[in-house]
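Note sheet for the following structure.
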Amino acid sequence: MDSLAESRWPPGLAVMKTIDDLLRCGICFEYFNIAMIIPQCSHNYCSLCIRKFLSYKTQCPTCCVTVTEPDLKNNRILDELVKSLNFARNHLLQFALESPAKSPASSSSKNLAVKVYTPVASRQSLKQGSRLMDNFLIREMSGSTSELLIKENKSKFSPQKEASPAAKTKETRSVEEIAPDPSEAKRPEPPSTSTLKQVTKVDCPVCGVNIPESHINKHLDSCLSREEKKESLRSSVHKRKPLPKTVYNLLSDRDLKKKLKEHGLSIQGNKQQLIKRHQEFVHMYNAQCDALHPKSAAEIVREIENIEKTRMRLEASKLNESVMVFTKDQTEKEIDEIHSKYRKKHKSEFQLLVDQARKGYKKIAGMSQKTVTITKEDESTEKLSSVCMGQEDNMTSVTNHFSQSKLDSPEELEPDREEDSSSCIDIQEVLSSSESDSCNSSSSDIIRDLLEEEEAWEASHKNDLQDTEISPRQNRRTRAAESAEIEPRNKRNRN
């Protein structure tokens, strides 16, 4: 099959491009190789191309009509046309190169010449015909009219009396020579060559078709040879049957390798490679079954091996282009050169990756900053809540401690109340100051300060507690009296 580059035609043969396009497959865009026609839509494709396509989709690639492989039929005339076009291509190109190029100026001048001269010729013929008719009418006029005309001419041209009678005789002779004979005018004109002759047709004794008598011998020869060709074609078709389709999902590895061995194919590779190899063999084998002279199975196996080798070479070349290969014998300088070449070759790709990484880092940094601020706010709120809870606990413990200490010292209740109130005020001030500074100090520092203040207060009142040793009965009485005094005070405070 010729490539697309060979299908270019020179400007002189631009008309051949349409024929060239019509003789190409619509799938591979090469010349038809074992052309097959789809009877439902009359579209033509290469046998191998359409079989591969139908294994993917059971429809026509052009009009999407449902088609199966048994529906395909041979179209031998297209194969013959492709052969004849390839044979005539060189002759046509040579003829186009040898023939001189016609300039547009020369062609236009010829057209003008035709336009100018054709009306002149027609006018001359019309003038000659009118003159002949005039002369013919003058000859057949009566004698009286001729005499009258002669008299008028004599009267008009009186100065020309000196003209000799010999001139008159010459004029009459010339008129007689120009005028046609009436017998010749009455003769029927011969039929022109442009009129078609009646063609006699004869029935062919072999096929019974009406054939012109002049071509009957040629038709008989072709008709008899056609019968021989039909018999040979029928015999060749029955010799080779196409391979049936196989369901690879139901086949085990062992059965698949057995099928490959039957046709002489290689069994190396994984299951997917083996399936692909067998599919390719089946497509090529069935496509060759449609040919007049099909290839043998061994030839198809060799073609498949060559295709696989070229495919592996291409894959290896692609890998070598993108991968650095080192050997044991290479020196450090050679390795550095390979590295530098690789960097230069893929500099743009590296830069693209760097830019992408930077963009991604910026996005991640922005997201992380947002999350950090949110976490900080959450932590500050948690700390504030914990500090407030700790302060409330400390307040309750301090008040309980104050009440117990006052109950233990009833003699000095009255004078110590003022001190207790002042100390409570101090503690409240400390707590309020600690609340204001809670955002800056941690909860542990605040608790430590409160404990230190409590220890200092206990140390200051330790001596008073040691001096007042009261019996349990007195303690009970003092507690009852204190509770009685404290209740109205609390009520007053509430009111």
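Any Cβ shown, glycine's included, is placed from N, Cα and C.
Per Swiss-Prot, N-acetylmethionine is recorded for MET1, and the stated evidence type is a large-scale study or a structure entry. The phosphoserine annotation in Swiss-Prot covers SER99, SER103, SER122, SER125, SER142, SER158, SER164, SER322, SER471, SER483. For THR118, the entry in Swiss-Prot reads phosphothreonine, with the evidence type a large-scale study or a structure entry. The annotation Zn(2+) binding site is assigned in Swiss-Prot to CYS204, CYS207, HIS219, CYS223. If you look up Swiss-Prot, you'll see LYS376 marked as SUMO2 cross-link, on the strength of a large-scale study or a structure entry. For 479-495, the entry in Swiss-Prot reads compositional bias 'Basic and acidic residues'.
According to DSSP, CYS207 (Zn(2+) binding site) is assigned to coil rather than to any helix or strand. Taking the Cβ of HIS219 (Zn(2+) binding site) as centre and 10 Å as the limit, one finds 16 other Cβ atoms among all the protein chains shown.
The Zn(2+) site is defined by CYS204, CYS207, HIS219, CYS223, and by the 8 Å test on Cβ atoms against their centroid, the other residues of the chain that qualify are PRO205, VAL206, GLY208, VAL209, ILE211, LEU220, SER222.
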